[in-house]
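What follows is a short report on a single structure.
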Amino acid sequence: MIQYILEYKWIILVGSEILFWLSFIIFLLLRYWYEAKGQVFFLWFSILNQFVNLPLGAIDYIHFRRITLFHIIIVCIYMYAIFRGPKHMLELDKLIKLYTSRWKNKAPYRGSSMVRASAQTDYFRTYSTVLKRKFVVHGCLWFVMQVYLLVIQCPPTVFIVWTCILIIDGLWSFSYHPISRKYQKSAII
């Protein structure tokens, strides 16, 4: 059994992350679309699913007795979940709330007051600008550190992991650009 887990550890890790995001999105859809009580199950499932990675990393470390790229990726996943994940989850929550209110032909609510199209436009425009600025800072820091890592002749795994994180950050940062453009056009009309 342990040999099977070690052989398919990457597939288990990626599958665990996919299951987490799918269950969290299903939780949000149930929360806003159906307003159902079953939403709590998906919330708990998504939270407990995150704890699958810890034993997976521990089994891998006990078997190989050294820190590998797999362990670094698991640490990065948990650092994201602690530091940036809650903010991104709130943004996803707002986005699903906005889309479900549109699909149900309801006016989206923010607390007890109605949200206007111009407020939505301003929100997405400013948020996409903030994300792009943070990505530029991340890219500059990445470049400076890559030069430093080349000078001290660091192993290439650090470069590969950080480049993957930079690409994901770039995709996330620029994914809000079309959304903000869409809201700008709808606010003008």
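Cβ atoms here come from the backbone N, Cα and C positions, even for glycine.
Note that TrEMBL annotation is computational and uncurated.
Lifted from TrEMBL, the feature list:
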- 12-34: transmembrane segment (TRANSMEM)
- 41-58: transmembrane segment (TRANSMEM)
- 64-83: transmembrane segment (TRANSMEM)
- 135-152: transmembrane segment (TRANSMEM)
- 158-176: transmembrane segment (TRANSMEM)
Per the Cβ filter (under 8 Å) with a sequence gap of at least 6 from its ends, the transmembrane segment (41-58) is approached by 5, 9, 12-13, 16, 19-21, 23-24, 26-27, 30, 70-71, 74, 77-78, 81
Taking a Cβ cut-off under 8 Å, which residues six or more beyond the ends of the transmembrane segment (64-83) line up next to it in the same chain?
-> 9-10, 13, 17, 50, 53-54, 56-57, 157, 160-161, 165
Can you name the far-off residues of the same chain, 6+ from the ends of the transmembrane segment (135-152), with a Cβ under 8 Å from a Cβ of it?
-> 158-159, 162-163, 166, 169-170, 173-174
